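Lifted from TrEMBL, the feature list:
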DOMAIN    19-47  domain 'C2H2-type'
DOMAIN    48-75  domain 'C2H2-type'
DOMAIN    76-103  domain 'C2H2-type'
DOMAIN    105-132  domain 'C2H2-type'
DOMAIN    133-160  domain 'C2H2-type'
DOMAIN    161-189  domain 'C2H2-type'
DOMAIN    190-217  domain 'C2H2-type'
DOMAIN    227-254  domain 'C2H2-type'
DOMAIN    255-282  domain 'C2H2-type'
Amino acid sequence: MAERSCEIPVDNLTTDKPHKCDQCDYSTARKCHFNRHIVAKHSGEKPYMCGVCGFRTAYKPALIKHMWTHTGKKPYKCDQCDFSAARICELNRHMAKHTGEIKPYKCDLCDYAAVRKHHFEQHMSKHTGDKPYMCRKCGYRTAHKSTLSRHIRTHTGEKPYKCDQCDYSALQNSHLKQHIMAKHNGDELYMCGECGYRTAYMSHLILHMRTHTGEKPYRCDQCDKLYMCGECGYRTAQRTTLLLHLRTHTGGKPYKCDQCDYSAAQKCHLQEHMAKHTGDKRYECDHCDFSAVEKKYLDSHIVKHHIFKPYML
């Protein structure tokens, strides 16, 4: 069967863009372009995977171009010398050497400059604080699409980067490289000058050095709580607590009862609910043999029967 075309007949060409994204200001005349936009920009899905290195993308053409890095195909040719590249962005960077404009995208707020526009846009988010990419499961926000893609894997459990020497797999390519260095190369490159501790990971050495210096670099400038909600300013010392809190904004209730339509934002709430089905009364009174399905019933019992009330004497 012939592949369906995304082309619009010439007679139907129009400047109207009826397909509008309700999550950003993107609009297009073609439904297929709209569908691709949703998958690539907002769903976090990357169905096309390279079988050689685990690279994933939302676009089939992007996977085809990526494969050229493995096959050695370099279809993009420089018209001023014999340079060729597998990707057009590589050719564009090379062409800057001929034009003399090495980093055309310059920040007017600092001295940063970039070869690529999207790198420049990512840099500007540091000044504006803009974080357009949001995880629909927990409310996590980031300025970078690639960071969101990595974050989403913490929910899906996907580990696309596979070790070819054992059954290890990783969320990120950098983690796989560290694994190979530590487990298969036998290299422990980083050593502590204080005690001789060695590790394959520079990040581990940095953490280790704090045991000598006592450094605690992650401090809030207003309090001692590290994690803050961007919606309401709620602060907590624990990341997991912040993730639970964010569900009050997103309405996320991932814990589902398999016996009715109840769902909860927290696992402990589901466990309390399940007691209604099982009849389990795990909250026991320390003063008598009373027990309850939910803590609030135990609290009410204690107030009613065991708390001293002097005005009743």
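Just so it is clear, glycine is given a Cβ too, placed from its N, Cα and C backbone atoms.
For the domain 'C2H2-type' (105-132), the DSSP counts in helix, strand and coil order read 12 helix, 4 strand, 12 coil.
Mean pLDDT for the domain 'C2H2-type' (190-217) in the predicted structure: 73.
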